[in-house]
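Trainee: Found this in Swiss-Prot, in case it helps:
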- Asp14: active site, proton acceptor (ACT_SITE)
- His42: active site, proton donor (ACT_SITE)
- 13-19, 41-43, Arg301, 327-329, 405-407: GTP binding site (BINDING)
- Asp14, Glu15, Gly16, Lys17, Asn39, Ala40, Gly41, His42, Thr126, Arg140, Gln220, Thr235, Arg299: IMP binding site (BINDING)
- Asp14, Gly41: Mg(2+) binding site (BINDING)
- Val295, Ser296, Thr297, Gly298, Arg299, Lys300, Arg301: substrate binding site (BINDING)
Amino acid sequence: MSKADIIVGIQWGDEGKGKVVDKLCENYDFVCRSAGGHNAGHTIWVNGVRYALHLMPSGVLHPRCINIIGNGVVVSPEVLIAEMAQFENLKGRLYISDRAHLNLKHHSLIDIAKEKLKGKNAIGTTGKGIGPSYADKINRTGHRVGELLEPQRLCEALIKDFEANKTFFEMLEIEIPSAEELLADLKRFNEILTPYITDTTRMLWKALDEDKRVLLEGAQGSMLDIDHGTYPYVTSSSTISAGTLTGLGLNPKEAGNIIGIVKAYATRVGNGAFPTEDKGEDGEKIAQIGKEIGVSTGRKRRCGWFDAVAVRYTARLNGLDALSLMKLDVLDGFEKIKICRAYEYKGMEIDYIPSDLENVQPIYEEMDGWDKVFGIKDYDLLPENAKKYIARLEELAGVKVKYISTSPERDDTIIL
């Protein structure tokens with residue numbers, strides 16, 4: 001019996017998980033998404049071509065990989081169908097859990113309306129309706145992908161839901177779709193998606209029993225976890241390694257190696273605590289060189305220095321076996337590079353994450369920069385200062401680096 005290896009982001013998302021998964025996919029039979037929705041975005045570059053994935057597992061770019069969208073994901077049929085249109089021959093290579101919850105148009109309308117009502121206290125969601133979809137799930141009023149197999153029955157259930165919440169929708173100025181319009185959409189979803197809907201948990205159990213190689217692909221980042229992130233400025237699902245298991249119906253004994261994906265600096269989209277944010281020239285330089293624009297939202301990412309306190313925290317949360325250090329090349333040409341080694345908090349120096357992270361100040365150490373690592377594929381060819389930087393990050397995080405990315409391209413990766 002084999003075990004499932006896990007890839008997780010360990011900052012605030014956008015760490016470069018897509019490139020790592022894409023690089024590793026050739027060694028796996030199954031690649032699986034476990035949580036989130038189309039608020040998450042993976043960018044993968046292959047031979048100069050950019051692929052932006054939101055719901056599809058990154059294994060879709062490898063013809064021999066079977067791709068699974070697990071029960072923990074909230075699925076927008078509209079978005080998924082549009083994404084599927086980019087690819088050919090998906091039958092037999094893509095499966096969607098019948099237990100995954102649906103993310104429908106009214107969810108995004110609720111999301112946007114509620115954010116507007118919050119004004120300056122808005123969380124900064126993507127507006128994709130992910131929170132409202134998970135809220136329906138937790139309230140036990142949601143609808144699942146398997147219900148698409150009976151579109152007439154699902155339509156009737158949704159109309160009843162809309163009528164029961166009519167006052168709420170009117171307050172948010174959301175127009176309720178007609179039964180005819182809704183049924184037409186559901187029938188279209190049914191026609192296209194039915195061949196892909198199945199019990200993916202049983203499929204994965206069988207795969208592991210048959211010693212197939214399985215890779216679980218986390219979405220977003222550990223500092224956005226609903227329980228362990230910078231609440232309330234978090235996502236609506238578990239983004240740590242344990243969450244990937246529940247989001248696919250696997251047990252803890254079925255977990256294999258766990259790799260944490262981390263940028264050589266730090267970024268964050270939306271509001272919330274971000275201790276190492278640099279609002280000056282260096283932060284702007286990182287944003288420009290790193291092309292730090294959100295894949296799902298098009299919003300500019302906030303940029304700053306590597307936060308070793310946060311990474312050490314998430315390394316323990318996830319039980320990491322190794323790190324994959326991404327976008328090291330973005331720091332090419334910086335004379336000095338900062339690392340946050342600790343925080344100042346209520347007059348004390350601390351090395352942990354308090355629940356009120358917005359009240360800390362970073363304590364930095366500086367290291368000398370380097371000229372260029374872009375495109376290097378051999379560790380021995382890295383500049384000495386880059387090697388020292390990597391070694392210091394390993395020391396502070398308490399986890400060894402196994403992969404180093406030196407450009408957006410799939411093959412520009414150092415394996416240690």
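Including glycine, each Cβ sits where the backbone N, Cα and C put it.
Could you give the neighbours, burial and distances for every feature on this list?
Mentor: In this structure, Asp14 (active site, proton acceptor) belongs to neither helix nor strand by DSSP; it is coil.
Taken residue by residue with DSSP, His42 (active site, proton donor) is part of a strand.
Within the same chain, the residues at least 6 positions away from Leu328 (GTP binding site) whose Cβ sits under 8 Å from its Cβ are Ala264, Val373, Ala386, Ile390, Ile404, Ser405, Thr406, listed in sequence order.
In this structure, Thr126 (IMP binding site) belongs to neither helix nor strand by DSSP; it is coil.
A sphere of 10 angstroms centred on the C-beta of Gly41 (IMP binding site) encloses 21 other C-beta atoms.
The Cβ of Arg299 (IMP binding site) lies under 8 Å from the Cβ of Val269, Gly270, Ile293, each of which sits 6+ residues away along the same chain.
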Trainee: Have a look around Lys300 (substrate binding site) and count the other CB atoms within 10 A of its CB, chains all included.
Mentor: 13
Trainee: Measure from the Cα of Asp14 (active site, proton acceptor) to the Cα of every one of the binding-site residues Gln220, Lys300, Arg301, then give the nearest.
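Mentor: The smallest Cα gap between Asp14 (active site, proton acceptor) and any of the binding-site residues is with Gln220.
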Trainee: Are there any residues at least 6 positions away along the chain from Gly298 (substrate binding site) with a Cβ closer than 8 Å to its Cβ? List them or say none.
Mentor: none
Trainee: Quick check on the binding-site residues: of Lys19, Arg301, whose CB has the lowest count of neighbouring CB atoms inside 10 Å?
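Mentor: Per-residue Cβ counts within 10 Å for the binding-site residues Lys19, Arg301 bottom out at Arg301.
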